[in-house]
């Protein structure tokens, strides 16, 4: 009897999980389906069966150089992530293993910077970028995205590092490990799942960041967010083309997420169950 | 063989050296059909001007507006040519952010620009942006449904006729709405339509002393008429509908009438996209007999920021893109129906264009009937038909648009929406120093 209830519950949870997953994924799925429709089909109403035309993809490629935007996205997302990890790992180590009475306040302050609407600092940031000749440069955007995502990276790493027993680090010190050796040879290997998931999440956040990437670039450093934005129009129906552009823009990150899902889930649930 | 290789190598080196010396101008633009077409035709420009290369930045209208405003206000220098509308030009010209276009070439023929459009893009008698594409608004209607309702659309209808026809054409069982109008909140969305409509009802945003006028009976009449009409004959969820949503509804045969931008005529009459292409008629925007019609005036135009280092090259490009030669180029490559409309009088005198675009005369009449310098029945201190050309209007217009959209959705009454608009306008105008 108990077994039957348990099986039923398991089936119920599985069905619920699939329903939730499909609900979350459906907008992406419908975007992909719409990209294989003609513009007339796209506005004709809800339909899950496209004609399979590739005309939108052809027009998107003819109108814009996808690979130029793609390359910029890769450089900016990966660059900002590496930079953020280089800064965040020592910071999180310090806060996790040598906390002071102000550590919590510092963490909260870092997080509070994410609560401010980005547009509030648009003009000062734009002026700084202008004066530093960083407008429309990959370096400028890499630094900007690193700064934007740094609080989240520090927070995530801090949470992972807190799960690592301090005694292990003490033992390493007893064995003569230097601070650098402690971080590189002891802490980092133990926190690999956490660092990997932080890295993947940060790449996704940087890849999808649209506010600054559109506003601080024009042609040279414009990433895929600017590529999508160029197909949006308030006057004229370009839904199929917009969907094709969106599909091309999200495809690399979706594929990356698919192949690294085990690491992502492992990292995100790291220390969740004790 | 060796000589050939040497020759090719020299050619390649020369080309590289030349490309290194070519001047590159960056053009910020919107994503609409005409602008996309222009990008495809730029080989003609670069062939005529081999020393100038073009870089395009295409953005959605609101993002573009924010980007170019930030850039020009901070002298960022990211763009050499900007696509701007009739709203920005008078404000930016006053701030001296734009270069006057006084070097467009001997054969440019600036006098050929439609006077109403040129007026909206000029300040102190100088042209500060050259129109690439111009539009007004008018009535697009289904001739078959009008006939079925036992009515004949006059060339210049009144609002009473439109309301009567809309109610008669409505057939909820067949999913046909008598009229589709903008309801989505935004200064360039529902407020473009409602401000133009209010002009025909005798309303105005401000009196001569910049006092907001939403507490006056003309605005009450306008908004009440609009809300009642949409309730009786409009589509469900109209408060979310903008240009694209109504275009989709009309093309699918779900609207008896649609009052919107004249540029929509080329979409609804295109059999490739529209199921009602052969059944569409056109009429001037309605009035109430007070001397003003409910149509607007807009032009996407090319301006040159004052901070550019490449003014000469930029002027050459503007001259090419907005000159008569460009219209001929588009006609030769893609047909007269695809020529950007609403900028030059000579286009409307062209029999080939008249033949290809049956809505041409109505478009020109609509443009000519809008006067941005005298947009309302009563005098006003501002320029602009469907907007008020002051920097504060974007924010204020959107706030009022949200209140009016809520009234359309039934979330508030017409009186409450107007009272809210009056309070918001008084507050903003006082803060900005217009009201002493």
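In case you wondered, yes, glycine gets a Cβ from its N, Cα and C as well.
Over in TrEMBL, the protein carries these features:
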TRANSMEM  A:12-33  transmembrane segment
TRANSMEM  A:69-94  transmembrane segment
DOMAIN    A:70-260  domain 'ABC transmembrane type-1'
TRANSMEM  A:106-129  transmembrane segment
TRANSMEM  A:141-161  transmembrane segment
TRANSMEM  A:182-207  transmembrane segment
TRANSMEM  A:238-259  transmembrane segment
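Long-range contacts of the transmembrane segment (A:182-207) within its own chain (CB-CB distance under 8 A, at least 6 residues past either end) are made by residues 73, 76-78, 80-81, 84-85, 88-90, 93, 145, 149, 152-153, 156-157, 159-161, 163-164, 168-169, 172-173, 223-224, 252-253, 256-257, 260, 263-264, 266-268, 270. Within the same chain, the transmembrane segment (A:106-129) packs against the transmembrane segment (A:141-161): three or more Cβ pairs sit under 8 Å, each pair at least 6 residues apart. Between the transmembrane segment (A:12-33) and the stretches A:69-94, A:141-161, A:238-259, the greatest number of Cβ pairs separated by less than 8 Å involves A:238-259.
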